[in-house]
Amino acid sequence: MRLDSLSTLNYRNLAPCTLLFPAGVTGVFGENGAGKTNLLEAAFLALTGLTDVTRLEQLVQQGETEAYVRADLESSGSLSVQEVGLGRGRRQLKVDGVRVRTGDLPRGSAVWIRPEDSELVFGSPSGRRAFLDSLLSRLSARYAEVLSRYERTVSQRNAALRGGEEWAMHVWDESLVRLGTEIMTTRRRALVRLNELAGEANAALGSRKPLTLSLAESTTPEAYAQDLASRRAEELARGSTATGPHRDDLVLTLGDFPASEYASRGEGRTVALALRRAELELLAERFGERPVLLIDDFSAELDPGRRAFLLDLAASVPQAIVTGTERAPGAALTLRAHGGRFTPEVTAEPLPGEPLAEEVRA
Ligand SMILES: Nc1ncnc2c1ncn2[C@@H]1O[C@H](COP(=O)(O)OP(=O)(O)OP(=O)(O)O)[C@@H](O)[C@H]1O
Ligand SMILES: [Mg+2]
């Protein structure tokens, strides 16, 4: 997968621009607040249609009502144009000029690694569930569909519980068990490979403590219906669904202890890095192409060994964009970020046939 160019308009603090990216590593450096993270966020949105921002208005430049990002990308030898329009809390996606839904964009096109990933380790189970669910949704359109139907069912069932509609519960329970069972089964199956890949990455990161991933499930496919029935009174009193995959956790065990409670900051960042590399490998295995790698703040909280791991990872994919407050070594192109603008610095001779990276202001 290759991002040939990225265009943005009214996206956060970014000046309207089209940036051309060469193969290999593009380093983006600049002071705090220059727009480095915003650039990666815009690239991730244009490549995948995904954002974890809940209020889309946040992405639109203050004082404007609409924003736009566009990626020209190359995948398995063919070119395509992906556009995302943001406005009035909505997101509109187009591929080659035709309106599509998020799931229709190539699902393995990018992986984004950032310092906030540590929250996966130290934060609440919901963040780890979101990591697993978002990865599985990208690996399988079926999982995305079942998950969204399950989540709708939980919220409708919760409303029925709050309304004291005990008589309707058998209908909700039947859908919940059917959809929930499929979610649990898919998670269990995917975890086998995810666990292997994360364990390998953790070892490659030089960690002496082994990393193991496991699911802490609030119920099992076999016991789900019975568990719901036995907690009916409690659920009616609380007005919420007490068991099921929406309550489960992805437990990260480092050595003998859960990383969420015992890992040091740096160990936590290492575990998060191992998860992201596992994500990259899984997407590459599934789609037969290595994603574009977006690395935010490559030096944050990392010792030299782990920084080297990240830079090696960047060098192992066809294309990576690496930001930092200092220059990333070995980049094919270096952009200096300043006030939402990106200016190329010539650091290396271009490869024969490789266009010179340049910036075109709209
Ligand atoms: N909707 C918006 N409109 C205008 N500016 C915004 C908007 N959202 C964020 N910004 C501004 O964009 C600026 C750049 O943010 P960004 O996170 O990209 O910086 P950065 O270069 O990654 O900095 P750091 O090195 O601190 O991580 C910030 O000053 C922020 O206030
Ligand atoms: Mg940043």
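Easy rule for this one: first residue shown is 1, then count along the chain.
Glycine too: its Cβ is placed from the backbone N, Cα and C atoms.
Database features (TrEMBL):
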DOMAIN    3-323  domain 'RecF/RecN/SMC N-terminal'
BINDING   G30, E31, N32, G33, A34, G35, K36, T37  ATP binding site
REGION    343-362  region 'Disordered'
(request) Select one residue from N32, T37: among these binding-site residues, choose the one with the most other Cβ atoms within 10 Å of its Cβ. (result) T37
(message) Name the residue among the binding-site residues G30, G33, G35 whose Cβ has the smallest number of other Cβ atoms within 10 Å.
(response) G33
(message) Running a distance check here. Ligand 1 versus the binding-site residues E31, A34, T37: which have CB less than 6 Å from one of its atoms?
(response) A34, T37
(request) For the recorded ATP site, enumerate neighbouring residues of the same chain (Cβ within 8 Å of the Cβ centroid of G30, E31, N32, G33, A34, G35, K36, T37, site residues themselves excluded), in sequence order. (result) T325, A337, H338
(message) I'd like to verify something. Among the binding-site residues G30, G33, K36, T37, which ones have a C-beta closer than 6 angstroms to some atom of ligand 2?
(response) K36, T37
(message) Applying a 10 Å Cβ distance cut-off over all chains shown, what neighbour count does A34 (ATP binding site) have?
(response) 21
(message) With Cβ-Cβ distance below 8 Å and at least 6 positions apart along the chain, what are the contacts of E31 (ATP binding site)? List them in sequence order.
(response) T325, A337, H338
